[in-house]
């Protein structure tokens, strides 16, 4: 049988039953042809179902094809083909070789190096962004360290208060965008991205009011936990000056999330550099030229927060990075607050539980001695820098997974998840070896006190072990944010850190009296529990269900594989032609060559996009519920002001 007869026989036995007419032109002789495999599209585009079968059974459909074009025509309601996914050479495979390499394929995903390259290229600048944000506070401490011990202690304590009661809250709440914006952008519902940003702006600005209520009572809280009165007073001065900077810090977090989840990274790096330059200059002028002391440092920090937020905003506008996703302010931003908050609060808890644990640990160690507190401060600074390396990768995998699920590409989401964990293991090994090799000299960077340096060297091996599981927590939390499973991460962190690790560390610290190493042993257990449980959960995750939820959040719908009547038609489209468009809105957007004769075809379907998902509230309901939210936020601030007035010393 010649190739043409075979093709006619094959399609007359299968496709013609559905009323299809398929023609193949310019077919070369059988031995020289390239094989075209038409794969029935998975409902979510995962590529898991190979072959075509109208009744839902798996089967391979292979036709010879070379340099000609292929026409697919037929009634729109009877099209059994969903996608043309790949063009692959027909090569026999060895059963023995498949068995011998199966365990490797399970451990290392297909196209691992390509995926790892994408993640690392994305995570590098993201890590730099986190370091630049962290450097603003470090520079403030360095400048104030030359003023005196009380000033240094006051600024350090003020920054800790601001981070715990302010920055961490906005940082965590804005992480809801890692789910919503990444999935919506992946689903190509671009205008909805702007509405999500508007919604985040309103909610985070309202969250400033409860944070301010804590800010204005900083001195009373510090005196309540028996801090030095003069240090408490100067800390209050610093925090009060920082109050107007909190909205700028929150908006900057939203700006960065808005761009990061669209894979736009370098503007944030530039804004971070600009903020640090402004901060350094302002600190020098206010502290050494004007002699404003702690007040000058606080004003410098405030100006730096506004500088980087305004710089990034102007960059977005100047470069028109917002044009595709911003259609102007819309009343729809008042809808779906419950969806945003249901992701924002667990995101905040997932981040803040770990953050607050380290701050609580530093406070507990401070009750022992100055030497151990100094050693703890050094290890804490080292752990912060080490953590940021992995947090950049965490954001990168969150973006990758969210974009993939929003586009319905399950396999890419799974591949990104697995690759990120393998990359984390390698980075942990590198960082761990460096820290272990330098443990005896690391303390000299911060101090010349031999007792403190020796204590740092003694605790550092335990921290290296903590770092391994801490990095695992960090990257798996990125996967959970990308899939919208923040509640799982929040629960695991609460159990690991507050139910087990912190109580155990406190017992070892104060009852067993083994010193600060006892706290770090408790933190080791704290990190192990959520890290191991998160990996198990992700390995057993229902990715199909996660993709369905992602596309629902994105406001896009995908055609079900069983719904053949509504399937799109590929009409007279030559496969190698990028940009060809079918009557029903199916567009071949690109063809990429991977290896040999393997090609990846990307089809974009015209699916209905929604700017609002779920039930919409009426105008009356919006006035009531959003009015209550504003009233509650203002009421919390009013209570804080009342407490301040009643407790202030006369």
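Each residue, glycine too, has its Cβ placed from N, Cα and C.
Record features (TrEMBL):
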- 119-143: transmembrane segment (TRANSMEM)
- 155-181: transmembrane segment (TRANSMEM)
- 193-215: transmembrane segment (TRANSMEM)
- 235-252: transmembrane segment (TRANSMEM)
- 264-286: transmembrane segment (TRANSMEM)
- 298-318: transmembrane segment (TRANSMEM)
- 378-401: transmembrane segment (TRANSMEM)
- 422-446: transmembrane segment (TRANSMEM)
- 452-479: transmembrane segment (TRANSMEM)
- 491-511: transmembrane segment (TRANSMEM)
- 517-539: transmembrane segment (TRANSMEM)
- 623-646: transmembrane segment (TRANSMEM)
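Taking Cβ pairs closer than 8 Å, the transmembrane segment (193-215) reaches residues 161-162, 165-166, 169-170, 173-174, 176-177, 180-181, 184-185, 221, 239-240, 242-243, 246-247, 250-251, 253-254, 257-258, 262, 322, 325-327, 329-330, 332-337, 340-341, 344, 611-612, 629-630, 633-634, 636-637, 639-641 in its own chain, all 6 or more past its ends. The transmembrane segment (235-252) makes contact with the transmembrane segment (298-318): 3 or more of their CB pairs lie within 8 A, with pairs spaced 6 or more apart in sequence. Beyond its flanks by at least six residues, the transmembrane segment (264-286) meets 122, 125-126, 128-129, 132-133, 135-136, 139-140, 143, 252, 255-256, 292, 295-297, 299-301, 303-305, 307-309, 311-312, 315-316, 319, 321 of its own chain at Cβ-Cβ distances under 8 Å. Listed as Cβ neighbours of the transmembrane segment (298-318) (distance under 8 Å, sequence separation of 6 or more from its ends, same chain) are residues 136-137, 140, 143, 158, 237-239, 241-242, 244-245, 248-249, 251-252, 255-256, 259, 267-268, 270-272, 274-276, 278-279, 282-283, 285-287, 292. Comparing 119-143, 155-181, 422-446, 517-539 for CB pairs under 8 angstroms to the transmembrane segment (378-401), the maximum falls on 119-143. Note: the stretches the transmembrane segment (491-511) and the transmembrane segment (517-539) are in contact (3+ CB pairs below 8 A, sequence gap of 6 or more).
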